[in-house]
Amino acid sequence: MILWLISFGLISGITTWLFGFGGGFVTVPLLYTLILTLWAGDSLAGEHAMQIAVATSALIMLFSAIITTLKHHKAKKIDWKLIMILFWGIAFGGIFGALLASSVQGEWIRWIFIGYLFLTILDCYFRPGFMAPRKEIQKVTNKKEALTGTIIGIIAAFLGVGGSVMTVPLLRRRGMSMTQSAAMANTLTFPLALTATLTYILLSFTTPLGDSAGFVGYIWIKAAVILICSTWIGLKIAERFLSRIPDKWHARVYPLLLILVLVVMLN
């Protein structure tokens with residue numbers, strides 16, 4: 001189990017730095033599988049496997065978002081004026097998404113997660129603006145931006161995916177490079193991961209898991225610690241050795257990784 005957590009933590013760190021996602025799309029499938037392997041399907045942990053996976057991944061995303069935001073801000077890759085309204089909208093929506101996920105059966109969350117992955121992959125390949133970005137940065141109204149952010153926050157917290165699977169294509173279609181899109185997507189993950197993590201911790205007072213050893217609310221502490229440490233190493237590796245991928249290949253690899261995650265979730 002520990003080897004799997006370390007390996008996937010490294011992958012999560014690398015994909016988070018390069019593509020703006022990793023905390024959810026890499027760790028949710030792993031955690032879901034490990035929980036069902038370690039606990040019986042009819043146990044409390046087994047019955048809430050997807051909620052545990054989503055809540056734990058939110059904590060991993062919070063850590064990754066803090067590290068990457070500080071580094072990208074220092075490198076001046078973040079246009080705060082451009083994303084601030086989206087930032088607060090996502091934070092607001094994250095609260096409702098976490099509350100919604102806690103009240104829905106885990107199997108429903110799993111199939112919604114799979115459905116959303118499938119639609120995102122189709123969107124990347126068949127809707128113009130992702131493989132080749134716009135030549136000029138597209139601007140939107142504050143009202144529309146706030147609504148967009150709230151919707152992203154609700155969906156992402158509900159699925160435990162950090163929102164980057166929505167924000168990267170969104171920013172890409174507005175004319176940004178994959179490097180810029182990934183950098184700002186990581187920053188936009190922060191408010192979502194923070195509000196979602198705090199909400200899941202507060203739910204510890206009402207969660208069916210109660211005082212089960214190793215859990216705080218729906219967060220699996222041992223797995224979270226191992227994943228956070230290995231994710232940090234993955235971030236350092238990607239920052240140092242993999243930061244100069246050509247934009248064209250950057251965009252092509254992104255949906256391929258989503259396909260890989262989809263296959264894992266279907267098994």
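Just so it is clear, glycine is given a Cβ too, placed from its N, Cα and C backbone atoms.
Per TrEMBL, the features are as follows:
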TRANSMEM  7-32  transmembrane segment
TRANSMEM  52-70  transmembrane segment
TRANSMEM  82-102  transmembrane segment
TRANSMEM  108-126  transmembrane segment
TRANSMEM  147-171  transmembrane segment
TRANSMEM  183-203  transmembrane segment
TRANSMEM  215-237  transmembrane segment
TRANSMEM  249-266  transmembrane segment
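Counting C-beta pairs under 8 angstroms (sequence separation of 6 or more), the transmembrane segment (215-237) fails to reach the transmembrane segment (147-171), with fewer than 3 such pairs. If you look at the transmembrane segment (147-171), the same-chain residues 6 or more away from its ends with a CB under 8 A from one of its CBs are 19-21, 23-25, 28, 53-55, 57-58, 61, 65, 85-98, 100-101, 104, 109, 112-113, 116-117, 120, 123-124, 130, 140, 178, 180-182, 184-186, 188-189, 191-193, 195-196, 199, 254, 258.
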